[in-house]
């Protein structure tokens, strides 16, 4: 029976019209600011759209749509909102066509303010540029152009400072510049600049940096902003130590427990409690320092075997050792220096901090001047310039300007979507354009702070939390009104319950920045119909798969929180290698599980049936229904793509690596370097050795012998003149081409140069013939496109392009390999959790949960925080000493806690993407050791896990497993850890259902309810029970044989043209095809040039040429015979056709087609799709009648549709026949080819989900149309 109670909300019920009471309240709330806290899957976008629609269609007090300001997070969301409003208006107008107001709203919609914040700012600046002295012709620089301008400005600033020989600047370089250059200091200046620009008044923030370090003599450290933060840090650690000691005391007091330890444990528990109380009551720092100075842990008394159970003694010792480690870490980290020394360190940093702030100001001015010279602004400028138009800085903050007052008067309401992701600058802008005052406030904000995952873009979830705390629930009062949407209409009960179970335990105010209370919990509202009997396997339980990582001798899974203290080096490399190995294992497991869910596992479960809301029925799972979500795709995603490819699973992933490392791109970039400057030995040798020139290693040696000294280019020139036969000729040809390319580089565009290189070397065509040729050519096309995009910026030329690429590579950035598949195809999507936000999928795998949190940024020399300012590392160059200042320790703690809260929210977003099935995958080393750590807080009273444990977690898996170890389905985890503590009854009896699986280092998987328990018994040398049902299952699997023997030998894939031939033979009564009777698909290679010159094109090649022309014709202009011939000539110029192919294409017959009824219908269509490939599975019995007894077998059919025309009420399907061979009467042609068209139509209706209303054959030779019914 499912549990209900105060912490477990009942299932929601829908109101009339499909809206719940919560949603209706959010739609209709008026009179004051409103904050809607909308949990995942609660329909917040629909609620926001309905609120807007009701405001503009209100019969009593309607509002014009252009008097609403609607702010969205993305342009796609803005377009979706505008379309929702358009459709709603169209429906209302159809019901009330006489309404002039509705007609007016439809006309105003195009100019309505529905956009992102940046788009709103851009529009405002276009109108009010003159108020801030902005050039009216300004444009927005893209990220590439802005980065190049920034680099130039920063180098200019540093050159000036070096020329001035400033001692303080020199000290700044010595302390923070790096070992060999000033690269780290340049990075520090950019970091400080970007952080300052995230605040409404950057100058004020920079001014405040040094103030906190100018401490007067005798100043108390307690008066600094960092003192309280460090006490909070100590408090969390000490609370964890207290919990460990309490667990040790419980074990020591058990029968058979190590009572000899009690005296030590009680004394140490009292000590930790006193320290904890001192931190909580904000005792003076000097007092705390004196307390910690006296802290010692005495050795434990000996515990003999006859006095206590040694197993219990070991557990108590482990808990006590953990507590000791925490306390001594607090002592050494925060209380190793007296407060006077802490203040002295801060005072020493003041001159350097002041110099850094001045450097940032100088860079800002130089960068602004450089942008003005080019007539550009960057994205940050849009917000700050907009703020200059809207606000003036007053004593207590921003004061609305005249423009702001005009906008306040204009906008009846300001509606903000994804409010949790805005920053302080955007918040100030919204405050300036919204009204204030009792009954006048008009700001409507929708968001979910649990899904605020853009802190790396300097979003501030604290803005949402502050309003949530200050606004009143229910009918209002105070500063505004707070509403909640909790009914989840996306996920099944099993997913909802699992999410609630985890986050009630891990999301606490201290670590998660908020409590996961009743207002935050999800309530099941999806109302899935029951699965019909016999329609596939369905399981409500959430799965968690544990993969054994690395050697079993090491402990892992989060002991070192993401390498927080690591410096990189060998440890970092080993960690990366281990994560890549874990990624491969997880990918293999996920691939196997996907095949099982699709019913592709012999002897395995049936295909999973999912509920299709559009079809309103259950259907089998397909690849496009599955998503694999990763915290970060770098490294891990490649493993999944490769493993899925190996298993035959189509997958799509937006990879951000692998582009610059691809051989074809490396080769072309080397050639571009040689064109820019041929006196570069390594690129030149690489180009000569590459297929673009094709020399051998021995040839390079002979070239060098031609001129042993000097540049290799001089040797190439000498060898080309040395008369060495073929080698000299090839080098002379290369040098001639090189001069031509250098001329193009000087006189033409970069894109023209790259395409000339492709054409002249034949390298583009060559790569297409290699394995993976399609991908290689896509990469080369992408290089051409990026060169073209680069020249749309203020930068031009080959040198700057190569410099830009070099900067990207030095910064570890990559474009990612060009993509051949689209995510809209029937593929498994592999994406980052950030990319998945706002999406939903029937089946979700969340993988990589054992990857360490990335805290490496916390080891930078200087840290920044919006409230705490700057935290520097103290560097004493003379004494060669470096240590963190108290400011840095405070910032490091605060930033780490904020990062943990962000990781928690990212996990929440990932788990709430699932509609029907959620599968979690993570890896860990030394599973029993990890289990002991996970079970440490198992006996904690109440729902929330201890803050000390949560803050010490190194991976999401630590959180998940510690929570699951307290569930009844996690009993095997506790047994594996030999955990004697029982979890609280209310937690253990939670309504959620879980299945935990363990996969060892060899990839063998078993449900953790069985194998880990047995493994633990073997390790404890305990006897095992008889084999039981497991032995029977193994025997059945080993003796299994494939039941559909008759299917073997039949082709699993066929082209449509082959099916036509088979249908013809079956219709003629010929004997059925046997094994090997099906013709295989053949690739027709182009004939050698000498054969083409003698013989011309075959009929098949001429037909291919005509199809190519029909595919590429521009349908927007005239298509008479003159226009058709002109387009064919253009295709020859563009190298889509050869001259021989063009001569074989009957232009007059194409013109006749377009002059006829079918051609006119094609031109009038809403959308025309040409040469559309497809792959479709059909029942094998449809092709092989003898396989009727095997209904589960399928054959893949693939083909290419010549033309598909969308006519609004359905598709018109066309198939061209171009041969000159007589086809007999129209009835004969229809009999031969209409079966082929029926398969095409079926594929279209199945894949695109729309009806094909008519099918036509068009025979070009006689110019005949034949309808296929």
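Every residue gets a Cβ built from N, Cα and C, even glycine.
Positions annotated as ATP binding site by Swiss-Prot: 38, 39, 40, 41, 42, 43, 44, 45. Among the features that Swiss-Prot reports, domain 'UvrD-like helicase ATP-binding' is placed at 17-492, with the record citing sequence analysis. For 541-838, the entry in Swiss-Prot reads domain 'UvrD-like helicase C-terminal', with the evidence type sequence analysis.
Positions of Swiss-Prot features highlighted on the structure.
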residue	record	Cβ contacts under 8 Å, 6 or more apart
38	ATP binding site	26, 44, 47, 446, 447, 448, 484, 485
39	ATP binding site	448, 450, 484, 485, 486, 488, 520, 521, 522
40	ATP binding site	448, 450, 451, 488, 490, 499, 522, 908, 909, 912
41	ATP binding site	488, 489, 490, 491, 522, 526, 840, 912
42	ATP binding site	22, 23, 485, 486, 487, 488, 489, 525
43	ATP binding site	23, 485, 487, 489
45	ATP binding site	77, 80, 81, 417
Field: For residue 44 (ATP binding site), the number of other Cβ atoms found within 10 Å of its own Cβ
entry: 21
Statement: Within 8 Å of the Cβ centroid of 38, 39, 40, 41, 42, 43, 44, 45, the other same-chain residues by Cβ around the recorded ATP site are 47, 448, 485, 488, 489
Task: Would you mind pulling the DSSP three-state label for residue 38 (ATP binding site)?
output: strand
- line: DSSP, reduced to three states, assigns residue 45 (ATP binding site) to helix
